[in-house]
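J.: Grabbed the feature section from TrEMBL, which reads as follows:
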- B:7-31: transmembrane segment (TRANSMEM)
- B:62-250: domain 'ABC transmembrane type-1' (DOMAIN)
- B:66-88: transmembrane segment (TRANSMEM)
- B:100-124: transmembrane segment (TRANSMEM)
- B:130-150: transmembrane segment (TRANSMEM)
- B:178-199: transmembrane segment (TRANSMEM)
- B:231-250: transmembrane segment (TRANSMEM)
Amino acid sequence: MPFLELDALSKHYGPVKAVDDVSLSVEQGEFISLLGPSGCGKTTTLQMIAGFVDATAGRIRLQGRDITHAPANSRGLGIVFQSYALFPHMTVADNVAFGLEMQKVERAERARRVEQALALVHLDAHAGRYPRELSGGQRQRVALARAIVIRPPLLLLDEPLSNLDAKLREAMQFELRTIQQQVGTTTIMVTHDQAEAFSVSDRVVVMQSGRITQIDTPYEVYEHPASEFISRFVGKTNLLPPATDGGPQRHVRPEKLMLKPAGQGRADATIVDRFFLGSQWLYHLESPLGPMVVVQVNDGSPAHPPGTAVALDWDDAILRTLPEGGR
Amino acid sequence: MPRNGSFAILFNTLVVMFMLAPLVIVCLVAFTPENTLSLPGWTWSLRWFRKVFEHPDFVTSFINSLWLATVSASLAVGLAVPASLAITRGNFPGRQALEGLFLSPLVIPHLVLGVALLQMFARIGATGSFVWLALAHVVVITPYAMRLLIAAMTGYDRSVEHAALSLGASRLTVFRRITLPMILPGVSGGWLLCFINSFDEVTMSIFITAPSTITLPVKMYMYATESIDPMMAAVSALIVGLTAATALLLDRIYGLDRVLVGQR
C-alpha cells in the first residue's frame, strides 16, 4: 500500500479542468516534485492534498485513510507556503510553537521541541525575534521549522524557494534536502524550476494543462523526456533529422554535442554567438541541419569567436527519439 | 530628509493657527471670572467649570453621550468586522452593492436622516428610547469603521490563515489568534473614530433625542440658543481636553496617521 495515493484526482472550475485525472503513488520518505509551468495544476493539486481546495472527483488516501474531503485542520500536514505565511504578531518561537499548542503538547515538551526544530534550521539564536526582523532566507527556515515541528506524516512545499535570490536558493535547496533526509518526512514540493526539482527530488512529476505527463527520476526526465514539451521545459535541445526517411526526429542535449575543427565532424557549422556562463560556454551555431545550441565546459582553453567555422560531432548512442504521440 | 522652504513653513503655520485659534480662545474664555464671553485678564477663575458641575443635567447628558458613543461604536465595529471580512474576501453577487449600502450613510445629510428618523420613531413609539437612538448612531458611524477595516483587510495574506488551519487550529481559533490580531489596528482605530463621531453628532441627534436621552452636544446647543455665558466655553474646554487626551493616547499606541488612514 503506498504511503500517499492520489487516485484520479480532479478539480474543475466550471468548464476549466484545473486538475484532470491525476493519479500518483508516493512511498514513505520519498521527496516528490510537482514540476510544470504556471497554470499546469500543480499548486491546485497541492492545495487539494492540503485540504484548502475541495476535489471535484477522485480520492486522496494518506496511510490508507481517505482524506479527500477531510477538513484542512484535521489532516496534520506540514505546509510551507510560497509567501512563508508566518504569523507577523508572534515571535519566531511562538510561530513554531503554534502547531504544538494546537495539539495540546504540554509546555515543557513544547519548549524542548521548538528549540530542537529551530536548531535544525540554525535559527536557535533568533527565537525571540519577530518575522519582520528576519531576512527572507531566515523566514523561509522559520516556516520550515513550524511545519516539521508537528512531526507531520507529509510535508507540502509550495514554491518554497522562489522568493529567495539565486545564491541563497541554491544553498537552501541542499539544506532542504538534508533536513528532509534527517527527519525522513515524505515530502511533496511544487515548483516551476526544473533545476530545483532535479537537485532535491527522488522523483519528478511533470504536469501540463492539469494532467501528469511524466513521472520519473530527475535523470530519466532529463535524458528520456516523454514529450518534446517536457524536453524543452527541463533543458535545451537540438533537433537532428531522422536516421531514415520517415523515421522519428532525433534529439540531443547541447552539452552532448562536440565541437571539432572544420571538416572533421558529421556536420559543418558556423559560430553565430557565444555566451560566457562561468563554468561553461554557450554557443549558438548555424548549420545545414538548422540552428544548434552547444554547451562546452570552460576548461581554460580559449573560446571560439563568432564567425569561426567548426564541425559538429556526436555519438549516435546519446541521440534520443521521443515516444510516438509525445507532444 | 525633505526640508520645507520658508514659504511652506509660513503657510503651514498660518493654517494650523487658523484651525487652532478658535479652540485656544474658547479654552481661554473658559477661565474668565466675568459674566460675559471675554478673555481673562490678570485673574483667572474656575467658577464656570464649577458651574458646569452644578448643572446636573449637563453631567447627565455628558454621561449619556459617553455611554451612547461607547455602545454605538462597539455595535458599529461588531457589525463592520464581519461585513468587511465578507466584502474583502467573499466572491458573491451583490458584494459591491453591500459595500455601497454600508458606506451610503456618509453621503446622506444628517439633517435629512434626523427628520426621517423622527417621523419613524414617532410612528413605532421609539421616541425617548436609548436603544433606538444608539441604532440611529450605528447607522451613521458604521461607514467610518468600514473604511478603516476594509483598508486593513485589503492585501491581507490569506495563506497566514491557511497556515494556522494546517497546524490544527479551529476556525474560531484562527479568527481569535490570527485574523483579529492582524486587523487589530483597523478594529481599534475604527472603534475610536466611531466613538468620536457618535460623541460629536448633533444634527441628527437634535431630532431624535428626548429629555431622558439627551446628549451633551444637543444639550449645549439648546443651552446656547437661550443664553450666552462662559459656561459653554467651560464645557467646550472640557471636551477639547478630553479629545486631546484621547488623540494623544491613540497616537502613542498606534500612531494617529496609521489609525486614521488605515495603513501599516
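Numbers run from 1 along the shown chain.
Note: Cβ is positioned from N, Cα and C throughout, glycine not excepted.
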J.: Would you kindly list the residues that approach the transmembrane segment (B:231-250) from elsewhere in its chain, counting only those six or more residues past its ends and only Cβ-Cβ distances under 8 Å?
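T.: That would be 23, 26-27, 29-30, 32, 37, 48-49, 51-52, 55, 58, 189, 192, 196, 216, 220, 223-224, 256, 259.
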J.: May I ask you to check whether the transmembrane segment (B:178-199) and the transmembrane segment (B:7-31) make contact, with contact taken as at least three Cβ pairs under 8 Å and only pairs 6 or more apart in sequence counted?
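T.: Judged by the Cβ rule, the two regions do not touch, with the required three close pairs absent.
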J.: Could you give the residue numbers and ranges of same-chain residues that sit at least 6 residues beyond the transmembrane segment (B:66-88) on either side and whose C-beta is under 8 angstroms from one of its C-beta atoms?
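T.: Beyond its ends, the transmembrane segment (B:66-88) has Cβ neighbours at 95, 98-99, 102, 130, 133-135, 137-138, 141-142, 144-146, 149-150, 153-154, 156, 179, 183, 187, 190-192, 194-196, 198-199, 213, 215.
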